[in-house]
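Just below is one structure, and these are the notes that go with it.
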Amino acid sequence: MCVEELEGAERLDFGGVAELETTPADFEMEKVCENTVSLDFKQARSSSFVPVIRSGDWSDIGGRDYMEDAHVCISDLANNFGHNSVDDEIISFYGVFDGHGGKDAAHYVRDNLPRVIVEDADFPLELEKVVRRSFVQTDSQFAERCSHQNALSSGTTALTAMIFGRSLLVANAGDCRAVLSRRGTAIEMSKDHRTCCLNERKRIESLGGYVDDGYLNGQLAVTRALGDWHLEGLKEVGEPGGPLSAEPELKMITLTKEDEFLIIGSDGIWDFFSNQNAVDFTRKRLQEHNDLRLCCKQIVEEAIRRGASDNLTAVMVSFHQEAPPQLRVNRTGRVERSISAEGLHSLRVLLEGQ
């Protein structure tokens, strides 16, 4: 597969990430995981704001001896697979696939999930239904088409983002994460599927599974993933449901001019960046050079500097041609002064601590 490059970064790109080992001490119970938010495909045309899509990416093997996982950037999903866009509505596609137990599952999902989505009869008018169905279908196809047992013993988390018009659809199965910058404020676009999530625990237990020492059935750190067909009691080919689910949670929003960029990262990134810290870090770098690929490289390098030893991947999508602006604070009777989002966040933390 190949796509056109956009500013040296918008292309079909392959890389790898891997699951970061997590100790039980890292698990804190969350109260809730968000449910799906729906939006009609046609709403993308309801405003004069037109996103200018740019993207960049970077992967690093980190402290590992091998790269298990993958990512993908496709500027025109339908055209990439020989299909025509509906009403000339271009759909771009981005994904990070964080593999474990080998690279086979991550590479299979990277290579096949976009195609399965495009070839669905309801694409693109019912994208939410299509994406949810395609995750599960790709998972089943991986089990059916693997010709050797080693491939079946691998698994992968998967997070994808699709942009069409002014709509952004994020689908997540696992613990990769997507964070949106809305005028310098971090907006969580996905929930980590780990055993610390209360809704995930309830789902697991309702399907006969259990959590042991922070692991699903004592075997897996994530509660949703594709692959892992070798693990007993978690799912069966052709059977609906199961403690380990390949069905993604979806979140869709309408983009506005306040929305600056989206960061997609493997879990190793988020173990060393909070959502807001990642947004602050990214805004500052983009204001310096406005180079998305370089910014992804800097995010990965900063995670390594902070102690990350896993494979790492960062993908960024910007919705504007220009860099994010400095935020301004009105001071009555005084001249406006610029202050960065990072500075505002630090000030807020300081004031809340008093």
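Using N, Cα and C of the backbone, Cβ positions are placed for all residues, glycine too.
Together with Asp98, Asp310, the Mn(2+) 2 site in Swiss-Prot holds one more listed residue from Asp192, Asp228, Asp259, Asp267, which is Asp267. Confidence in the domain 'PPM-type phosphatase' (54-319), given as mean pLDDT, stands at 95. When Cβ atoms from all protein chains are considered, those within 10 Å of Asp310 (Mn(2+) 2 binding site) total 26, not counting its own. Spacing of Asp98 (Mn(2+) 1 binding site) relative to Asp267 (Mn(2+) 2 binding site) is 8 Å (Cα to Cα, whole number). Within 10 Å of its Cβ, the residue among the binding-site residues Asp98, Asp267 with the fewest other Cβ atoms is Asp267. Gly99 (Mn(2+) 1 binding site) and Asp267 (Mn(2+) 2 binding site) are 11 Å apart (CA-CA, integer value).
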